[in-house]
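Shown next, in structure tokens, is the structure this report addresses.
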Number of protein chains: 2
Amino acid sequence: MNSLNIVKIGGSVLEEESSLQQFLDDFGRIEGPKILVHGGGTKATALSKELGIPVRMHEGRRITDAESLDVAVMVYAGLINKSLVARLQGQNCNAVGLTGADLNVIPASKRKPDSIDFGFVGDIETQEMNGYFISRLLDEGVVPVFCAITHDGDGQLLNTNADTIASSLCSLLSENYEVRLTYCMDVEGVMLDKYQPDTLFETLNSEQFHHYKQEGVIKDGMIPKLFNGFKALENGVHKVSIKHSKNLLNGTETALIS
Amino acid sequence: MNSLNIVKIGGSVLEEESSLQQFLDDFGRIEGPKILVHGGGTKATALSKELGIPVRMHEGRRITDAESLDVAVMVYAGLINKSLVARLQGQNCNAVGLTGADLNVIPASKRKPDSIDFGFVGDIETQEMNGYFISRLLDEGVVPVFCAITHDGDGQLLNTNADTIASSLCSLLSENYEVRLTYCMDVEGVMLDKYQPDTLFETLNSEQFHHYKQEGVIKDGMIPKLFNGFKALENGVHKVSIKHSKNLLNGTETALIS
């Protein structure tokens with residue numbers, strides 16, 4: 001099978017021009033089929049504030065009312081996605097910027113209100129996804145760039161966590177490719193002490209994940225990322241690693257192992 | 001040759017929910033390969049105002065500084081484009097939303113400052129465009145939805161008039177398709193008196209265009225639209241018509257003739 005690299009970026013690398021340029025240069029050097037997935041919550045929060053739209057969170061997850069969804073679509077699918085596409089084109093990387101609504105790649109279900117109503121948030125069922133056009137584009141040397149927007153198949157756009165989009169694309173495409181998923185962050189990987197580089201876990205298995213989560217060493221945004229990563233491994237993804245965006249092309253990382 | 005319908009919408013149809021729904025229903029009924037091109041200046045102007053960004057115009061054309069470009073990208077490529085894609089998906093029309101940067105379909109040149117600097121505005125050279133992926137997508141039954149954004153091939157997004165994008169796509173694709181271009185507006189076509197439906201020109205030739213332009217009967221936004229339309233006819237486009245968006249499927253229109 002051909003190998004396929006799926007790289008997810010988010011956080012500060014999208015905010016700092018020099019980091020972003022280095023990342024895009026490195027991403028451009030990855031050979032063979034590749035997909036970029038990006039978040040952009042910081043910029044969406046900034047635009048919401050400028051427009052006087054309250055940003056509501058519940059346990060680290062964004063609550064998406066109609067106005068917040070418009071902001072998410074403008075920032076993720078518009079500003080960030082198309083800027084990345086133009087910059088990749090500028091380095092002769094033939095990119096196409098997509099939401100999950102485009103080509104109906106990622107249909108999702110609006111999350112049912114439980115104790116909390118998350119609003120226009122979409123949950124993905126991998127078996128509903130459509131990989132045909134993505135495979136065709138990859139075969140033609142095109143680089144799909146996905147943002148954190150899906151749709152309900154009935155005309156409604158939905159907001160979906162970018163880490164989840166990345167791991168879902170991995171599961172979808174692992175039938176036809178040897179998929180490597182890389183979550184780029186602004187830390188080197190999973191560390192016992194984030195200020196001590198020598199405490200980096202070079203590998204992490206599921207038991208260690210649960211142990212260190214209980215100990216409070218692994219916390220916040222790292223938890224859903226690792227959860228998605230181990231799920232991708234279970235679904236046949238060849239390799240999942242977590243690394244700093246500046247280390248895209250070298251081996252400093254935490255590799256998840258089953 | 002296969003026929004291909006390229007339909008451009010803009011103005012009030014994008015603002016009024018019932019008109020938009022009727023238009024999308026009608027658009028969905030067009031058989032065979034088709035492309036939708038849209039503007040969205042009204043929404044971009046509204047967002048600029050909300051953000052306190054001054055809207056500057058020169059002879060009816062928008063001056064696009066860096067902040068205005070970000071607004072244009074958010075509104076055209078994000079909000080409007082992806083909402084249209086989701087709605088088309090909702091009626092089983094497999095749409096993909098694109099700028100001219102995606103798949104490098106429409107490279108453009110930043111307009112050189114002359115007596116006036118229009119800022120980040122792109123002029124298209126049809127011979128630089130790339131029709132390969134659009135033809136492949138059309139062959140697969142996909143409906144491309146283009147917004148009014150292009151790029152300079154060197155990493156910079158640019159703002160480009162949607163009428164021009166529509167006519168350029170027509171010229172590009174007329175080698176392989178019998179292309180029909182429809183400009184949808186909020187008037188029935190070219191009329192001697194816009195309040196008198198019986199003064200509609202059922203056909204209009206280039207000489208009439210120049211005559212009635214000099215007389216001041218044809219004016220404002222209709223002038224660049226007709227200019228683009230006649231240029232498309234010269235470039236081998238099979239049919240160009242101007243009609244009200246509510247008349248997409250019937251014959252009330254002004255057809256341009258050479």
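Just so it is clear, glycine is given a Cβ too, placed from its N, Cα and C backbone atoms.
Sequence annotations record features per position, and here TrEMBL assigns substrate binding site to B:Gly40, B:Gly41, B:Arg62, B:Asn159. Within 10 Å of the C-beta of B:Gly41 (substrate binding site) there are 20 other C-beta atoms, taking all protein chains into account.
The domain 'Aspartate/glutamate/uridylate kinase' annotation in TrEMBL covers B:5-243.
Sequence-distant neighbours of B:Lys8 (site 'Transition state stabilizer'): residues of the same chain at least 6 apart with a C-beta under 8 Å from its C-beta are B:Leu36, B:Val37, B:His38, B:Gly39, B:Ala162, B:Asp163, B:Ile165, B:Ala166, B:Leu181, B:Thr182, B:Tyr183, B:Cys184. Taken from TrEMBL, the feature site 'Transition state stabilizer' applies to B:Lys8 (among others).
The site 'Transition state stabilizer' annotation in TrEMBL covers B:Lys225 (among others). For B:Lys225 (site 'Transition state stabilizer'), applying a Cβ distance below 8 Å and a minimum sequence separation of six or more within one chain yields B:Asp163, B:Tyr183, B:Met185, B:Ile242.
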Let me know the model's mean pLDDT on the domain 'Aspartate/glutamate/uridylate kinase' (B:5-243).
94
Same-chain neighbours of the substrate site, Cβ within 8 Å of the mean position of the Cβ atoms of B:Gly40, B:Gly41, B:Arg62, B:Asn159 and not counting those residues, run in sequence order as B:Gly39, B:Ala44, B:Thr45, B:Thr64, B:Ala72, B:Val75, B:Tyr76, B:Ala148, B:Asn161, B:Ala162
Using DSSP reduced to three states, classify B:Asn159 (substrate binding site) as helix, strand or coil.
strand
Looking at the binding-site residues B:Gly40, B:Arg62, which sits with the largest number of other Cβ atoms within 10 Å of its Cβ?
B:Gly40
For the substrate site made of B:Gly40, B:Gly41, B:Arg62, B:Asn159, how many Å separate the two farthest Cα atoms?
12
